[in-house]
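I have placed the structure first, in the form of structure tokens, so that the comments after it can refer back to it.
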Ligand SMILES: CCCCC/C=C\C/C=C\C/C=C\C/C=C\C/C=C/C(=O)SCCNC(=O)CCNC(=O)[C@H](O)C(C)(C)COP(=O)(O)OP(=O)(O)OC[C@H]1O[C@@H](n2cnc3c(N)ncnc32)[C@H](O)[C@@H]1OP(=O)(O)O
Ligand SMILES: Cc1cc2nc3c(=O)[nH]c(=O)nc-3n(C[C@H](O)[C@H](O)[C@H](O)COP(=O)(O)OP(=O)(O)OC[C@H]3O[C@@H](n4cnc5c(N)ncnc54)[C@H](O)[C@@H]3O)c2cc1C
């Protein structure tokens with residue numbers, strides 16, 4: 001007799017009469033039906049392996065045991081890579097990120113940096129000969145690498161890195177040294193115990209001249225014993241410069257000194273997708289829980305309502321739900337730009353480099369900061385149970401908020417974006433993503449609150465805020481301030497302009513994708529509602545920017561507020577169906593609050609029972625500490 005599959009009755013009701021094809025949205029997010037099939041096959045292949053399951057919840061292990069357990073599983077995953085039904089690269093991409101990877105490696109992947117930065121650095125900056133020598137070894141895992149750039153004293157300011165690589169023309173060797181405590185490489189993932197090689201970013205000195213930061217391949221540990229090589233703490237010998245800038249002792253300048261920053265650009269592009277995956281998990285958990293959880297009284301005398309029926313809860317969860325689509329579509333556009341720019345760069349055409357740098361900084365900063373804020377709202381929307389470690393919100397939040405700092409601290413990246421915008425606006429020259437800055441904004445300044453009208457408002461704000469920032473810079477200049485002081489004193493305006501640019505890109509990506517996409521009418525309807533909700537939400541959140549830069553009136557704002565709450569009500573009935581379309585398995589969500597069947601309370605109870613403290617009625621510490629206290633008659 002087949003066991004009746006439990007489904008929470010409220011969730012069951014939410015799923016009845018879904019007006020759109022969930023699989024159509026799943027395929028859209030995966031990149032097509034074939035990709036969905038491939039993903040599901042890969043998920044089955046990985047998640048069915050009993051050896052990859054945690055015997056006890058990771059939170060109850062010691063630091064060292066957590067490391068050992070994650071390393072055990074990471075190594076097992078690498079063995080499974082060879083036989084993966086999806087092929088090596090799609091499998092690696094899935095295993096390195098916030099989706100399938102974090103379902104197995106909940107505390108982090110000790111081998112992530114090897115694939116996410118070490119190999120990309122070799123591919124992006126190594127010579128053909130160097131790639132021939134190291135790439136096969138890296139792909140075969142005969143070496144484990146990391147990317148060692150950040151030091152105790154410097155993470156942001158790369159031109160201030162202290163680690164030095166001095167070229168000795170007599171021996172044709174580079175001597176790497178960390179001249180001070182603050183020069184110690186600090187933060188690189190896997191550097192502590194896992195990697196035996198590293199790409200080390202160091203200031204290149206040759207013939208007494210500093211040529212700036214360059215990547216060097218350095219062996220850290222003995223390949224057999226894994227012991228650190230002699231002098232590894234403060235003196236590294238025998239590194240090799242990864243790139244071909246030293247020709248027979250003479251330094252040959254690269255076509256662009258920033259090409260040595262290319263690895264970071266790659267990860268910034270990838271991070272946008274990764275934080276979006278984490279946000280999808282958080283929204284799924286919070287949405288399903290909000291339709292299972294019944295609390296308080298909406299209509300006097302009635303049964304306690306689903307908390308999702310409170311407009312306040314819809315206001316918490318539907319903008320992040322819409323954001324997952326907005327960020328995914330924008331990340332897809334950025335990924336395409338990355339590939340185009342990279343292919344051009346390989347042919348020596350650097351024209352798109354400033355666009356790629358500007359946009360990757362903008363989207364990485366926007367997606368990571370917005371996702372972190374939205375994940376925290378999702379956590380709070382689940383009340384006390386959202387605070388529990390087993391809810392998975394603490395881990396998801398930790399992963400997303402880290403992305404606000406690594407790969408370029410967000411404020412610093414916003415200022416990079418502003419530099420690119422000001423230059424483009426002033427020089428009236430520029431590339432792909434800033435065309436709106438070239439020439440004057442045309443058309444009437446009147447406001448219409450249609451989708452197209454709202455996009456025009458975003459464009460006006462993006463242009464207007466750059467002009468406000470430029471006016472501030474010019475004002476400081478007229479007062480005789482040096483350019484660097486003027487820049488620092490305009491930082492608030494510059495960051496606002498950068499953020500408005502990033503939002504415009506996301507909004508246009510979402511609107512254009514719906515125009516171009518081959519979507520069924522029901523899917524187009526629900527995605528258009530989400531699109532309109534999201535662009536109005538952001539406008540209401542940042543209304544000051546729009547008042548400053550357009551003829552937006554109080555009446556317009558009241559109208560948009562009404563439209564916003566109407567859209568909350570319109571989308572509410574499809575919230576569970578939309579998160580079901582993400583097709584995130586329970587093992588990927590890893591949360592009793594978000595499971596497909598909605599059996600929340602039993603799963604919470606079962607999770608609590610796993611705690612070591614719940615294995616006995618009286619913990620031994622009672623007799624050691626509490627009982628003496630009770631008897632001490634203080
Ligand atoms: C197998 C596939 C794997 C798939 C993976 C799947 C999932 C992975 C998911 C998530 C990732 C997982 C884990 C996370 C990975 C790693 C953990 C974290 C790693 C790190 O944090 S590594 C260290 C990161 N550190 C930084 O980012 C440092 C930030 N600082 C800087 O970048 C620079 O200092 C600066 C802020 C840009 C300033 O540089 P500076 O040299 O001073 O230049 P400026 O004077 O400001 O500008 C001069 C000029 O140069 C242009 N510029 C600057 N940077 C770039 C660039 N990168 N590219 C192009 N151009 C650049 C700038 O625009 C100026 O141009 P002008 O024309 O205006 O002169
Ligand atoms: C989880 C995690 C993983 C990491 N992994 C790696 C890794 O694998 N390899 C690696 O090399 N590094 C790694 N890092 C380090 C990371 O790249 C740096 O922490 C990051 O670049 C920020 O630099 P910082 O720590 O020096 O911060 P700082 O730059 O010192 O930031 C401190 C404050 O100063 C402000 N500030 C700095 N410069 C400016 C400016 N010009 N204008 C205005 N304000 C400014 C910042 O906005 C911030 O508010 C990792 C970090 C984390 C958190």
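Each residue, glycine too, has its Cβ placed from N, Cα and C.
Quick look at what TrEMBL annotates:
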- 407: active site, proton acceptor (ACT_SITE)
- 150, 189: FAD binding site (BINDING)
- 21-144: domain 'Acyl-coenzyme A oxidase N-terminal' (DOMAIN)
- 261-422: domain 'Acyl-CoA oxidase C-alpha1' (DOMAIN)
- 451-631: domain 'Acyl-CoA oxidase C-terminal' (DOMAIN)
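Known features from TrEMBL, placed on the structure.
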residue: 150; record: FAD binding site; DSSP (3 states): coil
residue: 189; record: FAD binding site; DSSP (3 states): coil
residue: 407; record: active site, proton acceptor; DSSP (3 states): coil
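Counted with DSSP, the domain 'Acyl-coenzyme A oxidase N-terminal' (21-144) comes out as 89 helix, 0 strand, 35 coil. Summarising model confidence by region, the domain 'Acyl-CoA oxidase C-terminal' (451-631) averages a pLDDT of 96. Listed in sequence order, the residues of the same chain lying 6 or more apart from the residue listed as 'active site, proton acceptor' and placing their CB within less than 8 Å of its CB are 264, 267, 268, 271, 364. The Cβ of residue 150 (FAD binding site) lies under 8 Å from the Cβ of 185, 186, 187, 188, each of these being in the same chain and 6 or more residues away along the sequence.
Cβ contacts within 10 Å of residue 189 (FAD binding site), excluding its own Cβ and spanning all protein chains shown: 21.
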